[in-house]
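TrEMBL has this to say about the protein:
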DOMAIN    A:8-228  domain 'UBC core'
ACT_SITE  A:C147  active site, glycyl thioester intermediate
REGION    A:247-292  region 'Disordered'
COMPBIAS  A:260-292  compositional bias 'Acidic residues'
Amino acid sequence: MAQQQMSSSQKALMLELKSLQEEPVEGFRITLVDESDLYNWEVAIFGPPNTLYEGGYFKLSLMLISRGLQQKETSTHEQCGAGAAHLKCTLLQQSVSTVKEKLSYPQMFYFFQAHIKFPIDYPYSPPTFRFLTKMWHPNIYENGDVCISILHPPVDDPQSGELPSERWNPTQNVRTILLSVISLLNEPNTFSPANVDASVMFRKWRDSKGKDKEYAEIIRKQVLATKAEAEKDGVKVPTTLAEYCIKTKVPSNDNSSDLLYDDLYDDDIDDEDEEEEDADCYDDDDSGNEES
Amino acid sequence: MRVKVRSWSGVASWLWVANDENCGICRMAFNGCCPDCKVPGDDCPLVWGQCSHCFHMHCILKWLHSQQVQQHCPMCRQEWKFKE
């Protein structure tokens, strides 16, 4: 049973990884922390242009953890109680435009890193999502854990202020999580802060329409700090909207399946034909031998 | 020229008629089977909810059984009821 669960979560993760590498989510780059471990993903996030995070380079992690461990971690999430973030999946475009109106910063680009951990019964249980880059954000804990309702298992917990229907379900996937995270970066949810100080500071910044610069300054410093990280990693952070928005490539890697198909139906058929002809000859020879 | 048919073998193909190609839960093809099964077909059937969303039976049952709270369709979050 355990083995079967392993293989079904592995199959789901393989498919997701393949799909995210062929059709990436804008601003994200996904790699495995260790090539042999599908449950442990590293995510690099580039700060979206025209936002406070523009020019940033952030690292996140997605990893396998045992069920027990996961529940423990979840309970720390739940401590934000009424605080848990209700993330309405705002479109990236929308969040980009909102912040653009509020503030414009000199061209600087941000890079974050994060890890995603997957449970063994994925997609029936949610992964955890943790920033490796230090983040000052109302909905990100000091340890980097992100507080988003779709990352919480759908238990009935009226204290949390989250409906079960706003939580994880197996049709969610890494793509939907990444979209939620990128929209959360730009539109913090102040109704349920994981970092109360950051939330208060963000509200001051927002309500003063950018005049109270404390929040923006902290983020600007963090953005600058990520620049060194990106250079160390040899990563070129996109600096224009055009670079940020990945052009969907004409499927080149996609051909792998076509190649297989071609092999089967072109080369092999030719070979088989030849073999068959050869075989016929031998048959004739054989029958000849039999007669003699 | 006369041809005598000595023997013949019939070949048939089947498909599930679903409104999507892949199961939203396990992400495998509907015409394949769920990750816990080995052979596609009647042993790994599809089921529909009244909301018209479709899953491998094994996948949706596994999800519904893991829920203590009300059972919802994972796609549209409406209450899950099997379509008769």
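Don't overthink the numbers, they just go from 1 along the chain as shown.
A Cβ is built for glycine as well, from the same backbone N, Cα and C atoms used for every other residue.
Note that the coordinates shown come from a computational prediction; the quantities given were computed from them, not determined experimentally.
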- Within 10 Å of the Cβ of the residue listed as 'active site, glycyl thioester intermediate', how many other Cβ atoms can you find? Include all protein chains, please. 27
- Across the domain 'UBC core' (A:8-228), average pLDDT on the 0 to 100 scale: 71
